[in-house]
Amino acid sequence: MNGSGSTAKESLFNPTPRKLGLPEDNTMTPYNGVRSIFDNSSGSRQLTDEHTNQERAISKAKLADENIAPFLAKHIPSQYAPLGADASKTTGPPRPMNSRYCYRHRPDLKCRRQADEPSMDHLQWELQSLSQSDQQGIAHVWSLFSAAPAKQRELMLRGILAQCCFPQLSLISSSVRDLIRIDFITALPPEISFKILSYLDTASLCRAAQVSRAWKCLADDDVVWHRMCEQHIHRKCTKCGWGLPLLERKRLRASKEQIEKRALGVSVAPDSSTIAVQTVDATSGVKRTAEDLEGSDSQVVKRQRLPTEDTELHRTNVRPWKDVYKDRFKVGTNWKYGRCSVKVFKGHTNGVMCLQFEDNILATGSYDMTIKIWDMETGEELRTLTGHTSGIRCLQFDDTKLISGSIDRTLKVWNWRTGECISTYTGHLGGIIGLHFENSVLASGSIDNTVKIWNFEDKSTFLLRGHSDWVNAVRVDSASRTVLSASDDCTVKLWDLDSKQCIRTFQGHVGQVQQVIPLPKEFEFEEDHDAGHEEDSNASVSGDESPLRQEPCSPGASFFEGDRPAPPRYILTSALDSTIRLWETYSGRCLRTFFGHLEGVWALSADTLRIVSGAEDRMVKIWDPRTGKCERTFTGHSGPVTCVGLGDSCFVTGSEDCEVRIHSFKN
């Protein structure tokens, strides 16, 4: 048994006594072995052989320990140093982290993978069923493998696998299948885990939160759900096609910088100079506090792993973004399936011609010459503004003032909180049937076919002439210093306030245009090429034949030179030809026509997710602005629907039947 004729594989897995550190024993020959088995002549001889075998096993174990101990002490001195460690080798600077090891086997870290208790119990039971010598041999093999460096481990494993039969390979395959499943979310730094989780959809995130407490902490974090809110709220997600109703934009803006810093692994230290911005969620009324980082030198500090008292207090006052998303998702689902509650406000004695609402305040104007202020939650009429001598056709209000326009040719400015009329403006030769203000610029449209611009800062005014019939609606865009106007002459015009000239005319309607509204900048149109070509050809027949219309142009290129902002890219118009049209202002093209109303469309309101229209046919329709599909139709008014208002979780309609209806999708 000197092993000279054995292969390398045999010498690896069938070591001779010399390879284990044992001297060759001439008594261990085949002859002696056979003689010890078949010679039963003396019982004392058998006892002597048993005693010799025990001594030999003990001697083998001692010699194996003497050979294995230096190997273990060399590779894992911190865990196994029975011979004593050299103090001179332990002094000095700490060794740098070795990146060649995986996170399970780094020498400077303990294994963070928990042992499988049932498997270890079964392994221990099987080991104890073996003889003492077999237990020692197996323990030595485990110790050698545990202490071996990575390359030697791989060599050992390849050799073991080469000796395995198919049943053993099957056992290895079934065992490895579970062992290689790594909890990467917990093992990775939080910043990388946030990045991974941010690619999941809502259903997958909710499932991830059920895996473990560590996963729940990461999957429910504001970093992940703030990004989810940005993807879906007030816009259609390009991945899933879902869009959720708008909530206060301040909340997204104020929290965005803090959330982004947390996602990168840093946090913003609270500063006494920061301004706290509090907003109220439209669905539940729970306040969410966010720090406004503008104008403050916020100190960026290293991220704290343990929450402090300040952060805990902040968390108790801040509503999690997951809850915000959940509420918005419920509202969005109600919008999709038409689940809503209806409130009817009665108080006007003539047709309701205009309305606007903000938060829970609703203002309505009527042909009965009054403006009424309502509490939308309770339905209570807060006050009535009187002073006009004819029907009120248009109004708009903000936090401090309300401006109304009437057939009596006047504009009135009100303190709507007290009911006081602050001032009255005259200048039109006919009744005022449309108005809109933004910042310090007010535009009004009149029966006298003109648009008048009022500047509150320098008190200047001027007229825009070009329409040949009543101007029914106007919209100011103060950023680009432009105004849109819709008229009974079947056209829509875009005006430059600096040059006081019309820079584009949109033609295509065959009935009087009643409304024009710009779509938010966040709106992105997905053009259907077949439908788009059809709309282009139809619009070009009756549209403006100027070169500006036919040439494709980049945003703002055909309007202004330099860095001046361009006007809104997309606008919506409605007319008494029973249609709604979507236009691109840069090219002048009509991108889509919405068909469905049976009679003229009087009222129009829209955001990035939907369009609401009211018509002479007494119906209110909800449209998808991207596809042109009518998603739902609401009835209930007994007269033409003359005005509509759209919010994140409700829409309001007014009619010539003197009623105001609120459709709420909150519950």
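Using N, Cα and C of the backbone, Cβ positions are placed for all residues, glycine too.
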73-107, 528-562 - the one Swiss-Prot records as region 'Disordered': 528-562
Helix, strand and coil counts within the repeat 'WD 4' (466-507) (DSSP): 0 helix, 26 strand, 16 coil
Residues of the repeat 'WD 6' (594-633) by DSSP state, where helix covers H, G and I: 0 helix, 20 strand, 20 coil
Residues from the same chain, set at least six apart from the ends of the repeat 'WD 3' (428-464), whose C-beta lies under 8 A from its own: 390, 393-396, 403-411, 470-478, 483, 485-487, 495, 497, 500, 502
